[in-house]
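Read the structure below first, then the notes.
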């Protein structure tokens with residue numbers, strides 16, 4: 001097990017560090033203090049996620065590559081939210097919605113180093129961010145810790161902890177764009193995907209949930225593994241606004257997702273404490289952005305598996321809310337396990 005850190009760049013007056021977790025076998029994970037961003041996941045000598053080489057691209061291009069998303073991941077449909085009889089005006093950074101915590105979301109903040117640990121079978125780093133009261137309009141000062149741990153079995157876990165001094169909504173996730181091919185210049189449409197979910201959330205034209213729908217006899221049935229492109233018919237009404245998969249799936253009890261590239265033989269198994277995974281296939285990724293490996297971006301280059309709470313839960317009566325209170329503590333954990341099927 002090995003831990004090291006390097007200087008990556010500067011944001012405002014903050015030096016941005018890169019923390020490197022290496023299990024001395026097959027898995028190396030590189031994490032930035034900017035946004036708690038996973039910049040690279042190197043497995044079997046190849047990077048398996050999209051990322052940039054400089055601070056400015058992460059700030060200005062707003063792709064959310066590998067970032068911690070908060071205070072509330074996903075879209076909030078209303079400008080005003082009411083908590084305990086008080087109205088709070090949110091920052092609307094995507095038309096009439098508040099996306100991924102607004103313009104001042106966690107993805108664009110300099111996080112503090114809290115601690116690193118090494119044991120016989122794991123290496124970890126913990127980052128901290130204190131979100132001030134009314135940041136992006138959300139009530140309460142929220143203290144967040146995120147711990148990244150690489151294990152000797154080629155797995156990565158992300159654990160999220162948060163406390164608040166006022167009732168506030170909170171939903172955290174990681175926004176990594178996975179591509180399990182050996183070449184990031186190949187798309188993910190032929191990746192095989194399995195999601196343990198009997199239902200998904202139907203969305204309106206602004207990608208706001210309108211109802212829970214069974215996946216049976218729909219393009220959203222991933223209960224048996226299939227290629228991502230198999231049922232992604234862009235002429236269907238359901239993909240009119242999203243241009244592909246950008247939908248929340250309500251996970252069954254096992255809460256497991258499996259992704260596999262036949263081209264490389266690499267698989268990724270995801271397990272989570274969260275009730276939902278948002279499947280996003282980089283349908284609207286801006287083209288020709290320069291990636292860390294020298295390649296350029298294009299649509300369907302990466303697949304996001306955003307494990308989280310139900311989106312827009314505050315505004316939808318048919319969904320449970322995501323209010324964290326001062327007497328409570330937010331906790332979430334997602335584990336990503338890599339494997340070479342051909343081994």
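Any Cβ shown, glycine's included, is placed from N, Cα and C.
Features as listed in TrEMBL:
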| type | residues | note |
| --- | --- | --- |
| ACT_SITE | 175 | active site, proton donor |
| ACT_SITE | 306 | active site, proton acceptor |
| BINDING | 175, 176, 177, 246 | beta-D-galactose binding site |
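If you take the C-beta of residue 176 (beta-D-galactose binding site) and look for same-chain residues 6 or more apart in sequence within under 8 angstroms, you find 38, 41, 49, 50, 65, 66, 302, 304, 305. Of the listed recorded positions, namely 246, 306, the sparsest Cβ surroundings within 10 Å are found at 246.
Between the listed recorded positions, namely 175, 177, the fewest other CB atoms within 10 angstroms of a CB are found at 175.
Report note: the beta-D-galactose site is defined by 175, 176, 177, 246, and the residues of the same chain whose CB lies within 8 Å of the CB centroid of those residues, excluding them, are 64, 65, 178, 280, 282, 302, 303, 304, 305, 306. Cα of the residue listed as 'active site, proton donor' to Cα of residue 246 (beta-D-galactose binding site): a distance of 13 Å.
Cα separation, residue 246 (beta-D-galactose binding site) to the residue listed as 'active site, proton acceptor', rounded: 10 Å.
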